[in-house]
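Over in Swiss-Prot, the protein carries these features:
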BINDING   Gly182, Asp183, Arg184, Ala185, Thr186, Gly187, Lys188, Thr189  ATP binding site
SITE      Ser375  site 'Required for activity'
REGION    527-666  region 'Disordered'
COMPBIAS  545-590  compositional bias 'Basic and acidic residues'
COMPBIAS  591-601  compositional bias 'Low complexity'
COMPBIAS  623-641  compositional bias 'Basic and acidic residues'
Amino acid sequence: MTPTPDAPAAADADAATGAGWLARRRGALARVALAPVAQAIGRVERVADGIAFVSGLEDTMLNEVLRFEGGVTGFAHTLDEDLISVVLLDPDAGVRAQTAVARTGAVLEVPAGPQLLGRVVDPLGRPLDGGAPLDAAHTLPIERAAPAIIERDLVSEPLDTGVLIVDALFTIGRGQRELIIGDRATGKTSLAIDAIVNQRHSDVICVYVAIGQRASAVRRVIDAVRRYGAPERCVFVVAPAACAPGLQWIAPFAGFSIAEYFRDRGQHALVVVDDLTKHAATHRELALLTREPPGREAYPGDIFYVHARLLERAAKLSAALGGGSLSALPIAETDAGNLAAYIPTNLISITDGQIVLDSALFAANQRPAVDVGLSVSRVGGKAQHPALRAASGRLRLDYAQFLELEAFTRFGGLTDARLRAQITRGERIRALITQPRFRALRTLDEVVLLKALAAGALDAMSPDLVAPLRERLPAWLDARIAALTPALAPPRDWLADDAALDALAESVGELIERIAADAARRATAGMPAEDAAGDIGGAFGGEQARGDADRDADHGANREVSREVSPEASREVSREVSCEVSHEADRDAAADAARVAGRAPGRAEPDRAAPRAMPDGPPRAQADGDRASASRPRPDARGDAARTAPSPQGGADANVDAEAEARHKR
């Protein structure tokens, strides 16, 4: 017989069951979305230039999305007592007076997430590359609050751009806002795209925002990143000049929201805004159309606040929030180099530094045309790699002194040897920081180059040979490191070993000798000299500028070092190789110097004409060789003559060798 529970226990069980059922019912009711029975409908009073003035929607929120009859959308830009100024985000062909308008209760949002990587979208996340529509499962408002002070951390990690003058003198840190400013067509976008392309070997997600740009210019940027960079980790937010002003206005905010998705998850992101000058012009246009009171240069009074609240969203988050970072490279355009204009001064005061590009330097074929006197990074050495900071300690001072001395040398020559040495050092620095597009340097390459410069290894070489040195150095260092690394050895941090860096910097002297020998051999054989600037074909087709033959020769020299990994054996083999190269280079350079000496201005004219008057023989062949070599392009004939000018006895021997070579050619 089964015992029955007593009456009090049964009552407690029934009460518990009833309470649970009631809690479940209340939860279900709370999850029910209740829609209003009645919805307010407004009417368009007038529409013009992408702005619709709507009445009857007094409860509309600022920046709320409104939907017009026919599917056109817009957002509330200004709220007056009687009218709402709505900025249209679509073509206004279907919006006319008395068109019905309804509230949505939502603010502007943009899709965010990994599905955006590699895509070209508009500021609303709509594809522009012909791909599939994006999944809108995760969206973010385009207007988000900047991180609070307690949520930020110090900027202490470098954002490597691969551009020597930027990394060495104006270091950009992860979480920093560095303004790129200059006149039109001075290479502002090129410098920013170089920074994006250099992130192909890093963990940085890049977002490029184009505002009011030509479609052809945007296409060139996208093609450059796809060809040279890592497009699978880039997002392109495009609001071209032909689109609605509303899309151009929200474009930078949408780009920052997309980048913040990755920053909030502990990743690192970089946003390039191209450019904020056009964004300011769009904001002024919308303000004047909505009859806001104009201020300085007809800009509304809130233009500073608009850009400040945008750029303040770039930050380095604290470790408690994941340690992610969002760096910003806004671009601004000046008029005739006027940095004191309204928008440039606003942006300079908002950002953490500026890189000023000068049109005169650009016209002088210096790429990038960075004005070292006006450029600054307010983070600087705090985020710079210790080895690079130590190697670039005197670079800015030496270059500034050179620019000052160069200005004085235009009025007369210098007789002081110390001043001439400074001029020589400055010319090499200028050649070193002149860097073509898409020729990014690693931090190791930059440190070794600067150490070799500080040691005086570049003082004896022609400035025309600095560009080939910069081009061939990465492959040379890779081969040298591979030769000096034992098999199955763990990876070595070469940047943390000062002795190893000094050894690599000393080995640059061998590469300089090879480059000088190759230049002399090319001049003797009549081959065109290597392009000093290295910018062949502009944005495209420049990857062939670095000669395959030069790389093969460098690898062949370093392959000898791999026989012994000890430093003593490496130095011995390097000396043997350099001796062979130097012997061959001396022979070729002597013959080349003889030809140069034959064409020197100080040589008597009868001496040049006498061999041509002879009927036949070696002197005539020598004269023919002189005429042929004079018609060929030469890198720096005067510099070659100065470096290889022989003694009288050596000059006679060189003439004999040159005559024998000419006779052999006949």
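Residue positions begin at 1 at the first shown residue.
Each Cβ is built from the backbone N, Cα and C atoms, and glycine gets one as well.
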Quiz item: Going along the chain, which residues six or more apart from Lys188 (ATP binding site) have their CB under 8 A from its CB?
Solution: Ile180, Ile181, Gly182, Asp274, Asp275, Ile331, Glu333, Leu357
Exercise. May I ask you to report the DSSP-based helix, strand or coil state of Lys188 (ATP binding site)?
Key: helix
Self-check item: Residues that sit under 8 angstroms from Thr186 (ATP binding site) by C-beta distance, when 6+ apart in the chain
Solution: Leu357, Asp358, Ser359, Phe362, Ala369
Quiz item: List, in sequence order, the same-chain residues at least six positions removed whose CB sits under 8 Å from that of Thr189 (ATP binding site)?
Solution: Ala217, Val221, Asp274, Ile331
Quiz item: Looking only at DSSP and grouping its letters into three states, which state does Asp183 (ATP binding site) belong to?
Solution: coil
Self-check item: Beyond the site residues Gly182, Asp183, Arg184, Ala185, Thr186, Gly187, Lys188, Thr189: chain residues whose C-beta lies within 8 Å of the centroid, for ATP
Solution: Glu333, Leu357, Ser359, Phe362
Practice problem: Pick out which of the binding-site residues Gly182, Gly187 has the most other Cβ atoms within 10 Å of its own Cβ. | Solution: Gly182
Exercise. Under 8 Å Cβ to Cβ from Ser375 (site 'Required for activity'), same chain, six or more residues apart: give me those in sequence order, or none if nothing qualifies.
Key: Leu169, Phe170, Gly353, Gln354, Ile355, Val356
Quiz item: Including all protein chains displayed, how many Cβ atoms other than that of Ala185 (ATP binding site) lie within 10 Å of its Cβ?
Solution: 11
Quiz item: What number of additional C-beta atoms lies within 10 angstroms of the C-beta atom of Arg184 (ATP binding site)?
Solution: 11
